[in-house]
């Protein structure tokens, strides 16, 4: 059995940047966001269960999930957010475990799991080590407002729906500081790969 490394962060700390750098280094990575889309595609039982709970208004005209509308609903309503997680998380977990098995069977020794809500979903047991991509809360807020064209209040609502980034950093085996330049972030990623991936 190979090693599984969890990659997480918060809503605008730059986890996607780090994820891309890992994949560019040729290391297999299973993305929970991609898995989450797969398990609620048109025709899946995951989507059917979401429609049963949230209603048909949650669908676009072509019968696919209206992600923007669902996002608005769950960011404002904790109970509905928890219900969505209850529907999707077990399916996402199964998808990711199957992908990991495929990589290990192909001879890979290390697989990354990119999981935005790793701690919130209590998935620490799936991985051997955890990397957290960190920025200051101020940088996180600024980036989210700019990236998603949100007001400060809207951005804070999204950030506050997750565990705080400083709390996540305390739980990590390795923290990547993504508060400054891409070059500095790249160096940290390469250092991690050298220490924990190549030095198996």
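Just so you know, glycine gets a Cβ as well, placed from its N, Cα and C.
Taken verbatim from Swiss-Prot:
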DOMAIN    4-200  domain 'DPCK'
BINDING   12, 13, 14, 15, 16, 17  ATP binding site
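Here the features listed in Swiss-Prot are painted onto the structure.
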{"residue": "12", "record": "ATP binding site", "CB count, 10 Å": "23"}
{"residue": "13", "record": "ATP binding site", "CB count, 10 Å": "29"}
{"residue": "14", "record": "ATP binding site", "CB count, 10 Å": "21"}
{"residue": "15", "record": "ATP binding site", "CB count, 10 Å": "23"}
{"residue": "16", "record": "ATP binding site", "CB count, 10 Å": "15"}
{"residue": "17", "record": "ATP binding site", "CB count, 10 Å": "17"}
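Within 8 Å of the centroid defined by the CB atoms of 12, 13, 14, 15, 16, 17, the record's ATP site, lie the Cβ atoms of 9, 18, 133, 135, 143, 178, excluding the listed residues themselves. In the predicted model, residues of the domain 'DPCK' (4-200) average a pLDDT of 92. DSSP assigns residue 14 (ATP binding site) to coil, not to a helix or a strand.
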